[in-house]
Amino acid sequence: MALDKSVILLPLLVVVLLVLGWAQPSLGRESRAKKFQRQHMDSGSSPSSSSTYCNQMMKRRNMTQGRCKPVNTFVHEPLVDVQNVCFQEKVTCKNGQTNCFKSNSKMHITDCRLTNGSKYPNCAYRTSPKERHIIVACEGSPYVPVHFDASVEDST
């Protein structure tokens, strides 16, 4: 009788361990939508002309760990406005994919570019506040931005 129970329980235990092993790494993984928000959203502030803005933000948002991210853009608009871009003008992404969308109106952004000669761990960025249309890649359910593709001057 005890042998019968162990024959049933052993495969069940193996299945439970496999499921836990598969699910556990994804529990701590940041979703693409959350990563987009961490790397690109700064709704609570206006574009800064402070030369230290990008240096501070890139470090604060964990984009200088292990290497210096060469280019990044922060968007200074409400998250809902950026999410709504996913339902605006459809455009082709830089990589050829077809899930990119361009904002109907210009948005306040700050471009951060690694300065020439800057090397990890001393990442130094040039800060450029701008007003431009943004292009984002969207996916998921709900359909939300997961990648900042570009910013453009005009709407054409």
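Glycine too: its Cβ is placed from the backbone N, Cα and C atoms.
In Swiss-Prot this protein carries:
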SIGNAL    1-28  signal peptide
REGION    31-52  region 'Disordered'
BINDING   Lys35, Arg38, Lys69, Pro70, Val71, Asn72, Thr73, Lys94, Arg113  substrate binding site
ACT_SITE  His40  active site, proton acceptor
DISULFID  Cys54-Cys112  disulfide bond
CARBOHYD  Asn62  N-linked glycosylation site
DISULFID  Cys68-Cys123  disulfide bond
DISULFID  Cys86-Cys138  disulfide bond
DISULFID  Cys93-Cys100  disulfide bond
CARBOHYD  Asn116  N-linked glycosylation site
ACT_SITE  His147  active site, proton donor
Listed recorded positions Cys68, Cys86, Cys138, His147, filtered to Cα within 10 Å of Cys100 (disulfide bond): Cys86, Cys138, His147
Close in space, distant in sequence - Lys35 (substrate binding site), Cβ under 8 Å, 6 or more apart: Val146
Sparsest Cβ surroundings (other CB atoms within 10 Å) among the recorded positions Asn62, Thr73, Asn116: Asn116
Distant-in-sequence neighbours of the region 'Disordered' (31-52), which means Cβ under 8 A and at least six residues beyond its ends: 61-63, 72-79, 82, 108-110, 127, 129-131, 136, 139-140, 144-148
Recorded substrate binding residues, Lys35, Arg38, Lys69, Pro70, Val71, Asn72, Thr73, Lys94, Arg113 - maximal Cα separation rounded to whole Å: 22
Cα-to-Cα gap, Cys54 (disulfide bond) vs Arg113 (substrate binding site), nearest whole Å: 8
Helix, strand or coil at Asn62 (N-linked glycosylation site) [DSSP, three-state]: coil
Cβ atoms near Val71 (substrate binding site) (within 10 Å, other residues, all chains): 10
Residue counts (helix, strand, coil, in that order) that DSSP gives for the region 'Disordered' (31-52): 9 helix, 1 strand, 12 coil
Cα separation, Cys123 (disulfide bond) to Cys93 (disulfide bond) (Å, whole number): 28
Cβ neighbours of Cys93 (disulfide bond) where a neighbour is any other Cβ within 10 Å: 16
Count of other CB atoms lying within 10 Å of the CB belonging to His147 (active site, proton donor): 20
For Asn62 (N-linked glycosylation site), the one of Thr73, Cys86, His147 that lies nearest, given that the recorded positions are compared by Cα: Thr73
